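Heads up, the thing below is written out as structure tokens.
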Amino acid sequence: MEKPRSIEETPSSEPMEEEEDDDLELFGGYDSFRSYNSSVGSESSSYLEESSEAENEDREAGELPTSPLHLLSPGTPRSLDGSGSEPAVCEMCGIVGTREAFFSKTKRFCSVSCSRSYSSNSKKASILARLQGKPPTKKAKVLHKAAWSAKIGAFLHSQGTGQLADGTPTGQDALVLGFDWGKFLKDHSYKAAPVSCFKHVPLYDQWEDVMKGMKVEVLNSDAVLPSRVYWIASVIQTAGYRVLLRYEGFENDASHDFWCNLGTVDVHPIGWCAINSKILVPPRTIHAKFTDWKGYLMKRLVGSRTLPVDFHIKMVESMKYPFRQGMRLEVVDKSQVSRTRMAVVDTVIGGRLRLLYEDGDSDDDFWCHMWSPLIHPVGWSRRVGHGIKMSERRSDMAHHPTFRKIYCDAVPYLFKKVRAVYTEGGWFEEGMKLEAIDPLNLGNICVATVCKVLLDGYLMICVDGGPSTDGLDWFCYHASSHAIFPATFCQKNDIELTPPKGYEAQTFNWENYLEKTKSKAAPSRLFNMDCPNHGFKVGMKLEAVDLMEPRLICVATVKRVVHRLLSIHFDGWDSEYDQWVDCESPDIYPVGWCELTGYQLQPPVAAEPATPLKAKEATKKKKKQFGKKRKRIPPTKTRPLRQGSKKPLLEDDPQGARKISSEPVPGEIIAVRVKEEHLDVASPDKASSPELPVSVENIKQETDD
């Protein structure tokens, strides 16, 4: 992505391909970027300079993948993991799989459907060429679904409404059901973690170019005209993907400042309106403030910075993900963390995967990021010696749409690679002691033991003094994981260590414990203790996954920073539910990420409606729920009515559970799960609360126990 350019700069121009124009017309608002030039008043220019005409034709034909799969082109021989299997790319849809799993003798397509679609498109292209008097070509104009699906998804996330199969709202439904980050940050003077701190999010490596004082063209919401008009605004403050803007002309008057997500389609570089014949109209409030607006703007714009011309194009490109619905993989069994299970990708949102267990119910799902260490390619468990549950395909799952669309196994290089390890000169041994984040209670760092050494650097770890004696609570960590630490790590960094049962935290001593258990500590040199300059600071706000209920992403705060280790506090919840995560964890996101991707964000407090909402009943199989109930922080003021969905118990715990709590009411299924809180005096007032676009019958009501 280009750096923010000065208004005086004029980049080189070249013709725009017609195919790419058509490609972008899929988006509501993105089509306005055609023939774009970064200089004001220029007549014709291009916003893409990296592709030749021949490359674009090949890409349209499906021969040059435009997604992260560009590392592999169709027919390129390449071994996956030493097994001799060759990967292949479907020439119709772009799905990556193994050649032996592909259809036909040529192995060009993943399924009969893709083969027929390719043939049909080839015929259509040939007929069209003859009608236009063009010479015939062997290349078929086919859809490259790997690229199109990402663009369609981005469009639906920003424009659409609806829910996933598990009841999770998406698109505009998710945004309205969320809360106002801008008001929350401004009212309390909070600071958000910069986008550049999160390596797994779109444009993280270019976001430092978005700076205070930058000029943009945005939709003018203070105008009474029949058509959409725009005006120039300055960036006053940045908070993750969101920026605080002020229309030009208000100068030091902050009364009309407004927040906007830079990922939306109504924010453009300076000059976009001139190129696309859009009208610049000053806000009605200050329309009479100046008589010569043109002269005023020229003085304000000379020498200023603006967004790169390809900003939205790069944003869309960075939101393409290699995982597709129907891919099979291995994932940790949430009911027994010492083993894995086969699962199928059901949904992909912003790189987060909703997985369905092959041998489970249709609602037996698991959420994680595609870079999560909890997922692995098919065959991983057998290769490293990890336990796996042998699944038997359920007959009633054959009718589930995801299982009917299984393409192939996800190839190994789609998963995040782990650091290579060398076992010469001493390695981890069974019985060695260390400190590790408890996978069943992520707010605790416990005394732990290496129970088994697997291949490829993986270790089976158990927490000393755990309730299980048969290895059911063992958990797999890689030797390079930042969730395991050498003995005395907590003591050196003033972190409370959770000792084994029968020991007191205040009096626990590692030397005495090792002598009593006749064991030895794992050498410090075996641990990965490097610490990057991550940029996180105490008090920064972000959006974090509740790993005890990984479907939920919540408003959170960085409570403590210990080298690369972050203590995440969920706003509005007691400190006992804090979680330790690594600074490069894919389970934390910048402010505005949920809005950008269309994922629902759980607010720190629940909205309080004027009337009770009708409970929604569902007739599904009752499931046990595990874990502790969350206690709300006592409010400063009692209220006669409390409304909202409770935080669910540990039903989707990615690492299983250790204690069984009370069961839910039979036949009761939570449709929309948000944390329930009392509204405090600092919560948004009733007038500023967004109106729900969905019927109140679709929201579940619960009462306190």
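The backbone N, Cα and C atoms fix where each Cβ goes, and this holds for glycine too.
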To which residue among Thr10, Thr76, Thr168 does Swiss-Prot attach the annotation phosphothreonine? Thr76
May I ask you to name which of Lys623, Lys628, Lys700 Swiss-Prot has annotated as SUMO1 cross-link? Lys700
As a quick check of your reading of DSSP, tell me how many residues in the repeat 'MBT 1' (179-283) are helical, how many are strand and how many are coil. 18 helix, 30 strand, 57 coil
So Cys90 (Zn(2+) binding site), by the Cβ count within 10 Å over all chains shown, scores 26
